[in-house]
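Visitor: Feature table excerpt (Swiss-Prot):
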CARBOHYD  Asn179  N-linked glycosylation site
TOPO_DOM  1-30  topological domain 'Cytoplasmic'
TOPO_DOM  52-66  topological domain 'Extracellular'
TOPO_DOM  88-126  topological domain 'Cytoplasmic'
TOPO_DOM  148-200  topological domain 'Extracellular'
TOPO_DOM  222-260  topological domain 'Cytoplasmic'
TOPO_DOM  282-291  topological domain 'Extracellular'
TOPO_DOM  313-360  topological domain 'Cytoplasmic'
TOPO_DOM  382-390  topological domain 'Extracellular'
TRANSMEM  31-51  transmembrane segment
TRANSMEM  67-87  transmembrane segment
TRANSMEM  127-147  transmembrane segment
TRANSMEM  201-221  transmembrane segment
TRANSMEM  261-281  transmembrane segment
TRANSMEM  292-312  transmembrane segment
TRANSMEM  361-381  transmembrane segment
Amino acid sequence: MEKLMKYASFFYTAVGIRPYTNGEESKMNKLIFHIVFWSNVINLSFVGLFESIYVYSAFMDNKFLEAVTALSYIGFVTVGMSKMFFIRWKKTAITELINELKEIYPNGLIREERYNLPMYLGTCSRISLIYSLLYSVLIWTFNLFCVMEYWVYDKWLNIRVVGKQLPYLMYIPWKWQDNWSYYPLLFSQNFAGYTSAAGQISTDVLLCAVATQLVMHFDFLSNSMERHELSGDWKKDSRFLVDIVRYHERILRLSDAVNDIFGIPLLLNFMVSSFVICFVGFQMTVGVPPDIVVKLFLFLVSSMSQVYLICHYGQLVADASYGFSVATYNQKWYKADVRYKRALVIIIARSQKVTFLKATIFLDITRSTMTDLLQISYKFFALLRTMYTQ
């Protein structure tokens, strides 16, 4: 099971978080994680605070475009910070969830083959690795874009004067461009960008690992039901049904636990992402220079890839849970006792109530959620365009 969790554990360690306990920790390890976490949080809070001050001052000076740009950065900070704190808050619940998943995790070659574990493990690992690398490359390219511009245009090609710039707009009450303070500010902003990105990647990849296991258990349940050969003996067949129902109920409880842990951060993620996509798209359509368009495009891709990843796994869970009702109907139930057939009707009725990944009670997450999000973003985009032209 650690193979499924390795990418999430790596990025959580980078921001000083242990999402679940795995035995006793030494005092030194706890201290190190504590220092790393609060160093990340304090720096990220500092950058977010001064970005907020910049937004206020930009609105006061009628610098609408700059204010919108800074708002998209604040949204990025908000999502990262919220995911980090919610995971720390839900550490006990996550530990209980992971322990229960370990209890039903298929160990041994025979069980691994029955559950088709290598396929699920390989798919989850590939998606997690590609997503982590994509998001990391996009964010670090965004963070270092201003430095690359300075060295390429100003120092190497000498075709235009760029000057020293910072990756994110924030209020700084002194002249920092030709001052030694530029370098600490550059480090602070890059550190904050890395913190927010790592906080988001780790939580997204953890959700993928947990959702993959839910899908695996739903699929195993469906295969077991569909391929089971009935004996026609009510006592023997009813024992099989009892085991299936208990297994199904356990998976449903695990699904509820996942929604309880991730529901609020997912809701906040979708709300903020709709604004971020809107803000970034707006900036790309108001005549900014081509190099800035490239920078904004990277930011847009990172936000949309995150939303699609969550929606994709939400769809997989929904399809797998509904597939159990189809598998139950496809069983050779016509050979069974009439009492067995009546029991199957109840099981089918229950399994047709689809299990979703939920952003609290407000949103069932599937691929169609991506469409809804883009529609909301476009509405805000149209509103911003109207305000800007007026």
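Even glycines carry a Cβ here, placed using N, Cα and C.
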Visitor: Just how many other Cβ atoms lie inside 10 Å of the Cβ on Asn179 (N-linked glycosylation site)?
Guide: 12
Visitor: Would you say the transmembrane segment (261-281) and the transmembrane segment (361-381) are in contact under the rule of three or more C-beta pairs closer than 8 Å, pairs 6 or more apart in sequence?
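Guide: With 3 or more qualifying Cβ pairs, these stretches touch.
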Visitor: Among 67-87, 127-147, 201-221, 292-312, which stretch has the most Cβ pairs under 8 Å to the transmembrane segment (31-51)?
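Guide: Per the Cβ count, the answer is 67-87.
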Visitor: Counting Cβ pairs under 8 Å to the transmembrane segment (127-147), which of 67-87, 201-221, 292-312 comes out on top?
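Guide: By Cβ pairs under 8 Å, 292-312 leads among 67-87, 201-221, 292-312.
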Visitor: Residue counts in helix (H, G, I), strand (E, B) and coil for the topological domain 'Cytoplasmic' (88-126), per DSSP?
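Guide: Across the topological domain 'Cytoplasmic' (88-126), the residues distribute as 32 helix, 0 strand, 7 coil.
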Visitor: Is the residue listed as 'N-linked glycosylation site' helix, strand or coil when read with DSSP?
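Guide: It is coil.
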Visitor: Using DSSP, how many residues of the topological domain 'Extracellular' (148-200) fall into helix, strand and coil, respectively?
Guide: 28 helix, 0 strand, 25 coil
Visitor: Would you kindly list the residues that approach the topological domain 'Cytoplasmic' (88-126) from elsewhere in its chain, counting only those six or more residues past its ends and only Cβ-Cβ distances under 8 Å?
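Guide: The answer is 1, 3-5, 7, 17-21, 37, 208-210, 212-213, 215-217, 219-220, 250, 254, 257-258, 260-261.
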Visitor: Hey, which bits of the same chain come close to the topological domain 'Extracellular' (382-390), Cβ under 8 Å, at least six residues off its ends?
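Guide: Distant Cβ neighbours of the topological domain 'Extracellular' (382-390) are 64-65, 68, 278-279, 282, 285-286.
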Visitor: Could you break down the residues of the topological domain 'Cytoplasmic' (1-30) into DSSP helix, strand and coil, giving a count for each?
Guide: 17 helix, 0 strand, 13 coil
Visitor: Residues of the same chain, at least six outside the topological domain 'Cytoplasmic' (1-30), with any C-beta under 8 angstroms of its C-beta?
Guide: 36-40, 84, 87-88, 91, 94-95, 97-98, 101-102, 105, 121, 124-125, 128-129, 132, 194-195, 198-199, 201-203, 205-206, 209, 212-213
